[in-house]
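What Swiss-Prot records for this protein:
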- CYS110, HIS153, HIS157: Fe cation binding site (BINDING)
- GLU154: active site (ACT_SITE)
Amino acid sequence: MLTMDDIVREGHPALREVATEVTFPLSDEEKKLGHDMLEFLINSQDEELAEKYGLRGGVGIAAPQLAVTKRFLAIHVHDEKDRLYSYVLYNPKIRSHSVQQACLSGGEGCLSVDREVPGYVVRSERVTIDAFDENGTPLKLRFKGYPAIVVQHEIDHLNGVMFYDHINKENPSYLPPDVDVFG
């Protein structure tokens, strides 16, 4: 079972590397890590387990956050209609994105960042993702709103990008016109 001790923090070189694609068939270790990542997210959203094991609540995690510079991630997040998006995605790529932008009202956080970083992180409101499941089956997934923000945050990790790299350095509270704000 993964715990917060397994997650590397900002400053670790794995968080700034561009991760390499996995090849199929996946190794047993890659499959297990994908399962463990999803289990961590589910456990972190369970109040009792989170308290028992000292887990910070998370909705997404990428392999580089575990010092594994390979292109896979897990998300476990509900949208505003309470639809669950629970996936382990291997070699995910953004196929297309909306012109309409969105952000979270309180900014973003990260399991690898132990401090609050104020500022808006503006992202695409909708994305279409091409990825593979653990068996190498191709997936085409559409995300909108909060789940879209989460999956973009995790794909950034695969490219060595941290959420705060997107914040306006001169004016963190600047919000471009016509950005939809969630939360």
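Every residue, even glycine, has its Cβ placed from backbone N, Cα and C.
In the three-state DSSP scheme, the residue listed as 'active site' is classed as helix. Neighbour counts were taken at the CB atom with a 10 A radius for the binding-site residues HIS153, HIS157; the maximum falls on HIS157. Between CYS110 (Fe cation binding site) and the residue listed as 'active site', the C-alpha separation comes to 10 Å. Same-chain neighbours of the Fe cation site beyond CYS110, HIS153, HIS157, judged by a C-beta within 8 angstroms of the site's C-beta center, are, in sequence order, GLY60, ALA62, GLN65, GLU108, LEU111, SER112, GLU154, ASP156, MET162, PHE163. Non-local neighbourhood of GLU154 (active site): GLY60, ILE61, ALA62, LEU73, ALA74, ILE75, PRO92, each in the same chain, at least six residues away, with C-beta under 8 Å from its C-beta. Neighbour count (other Cβ atoms within 10 Å of the Cβ, all protein chains): 25 for CYS110 (Fe cation binding site).
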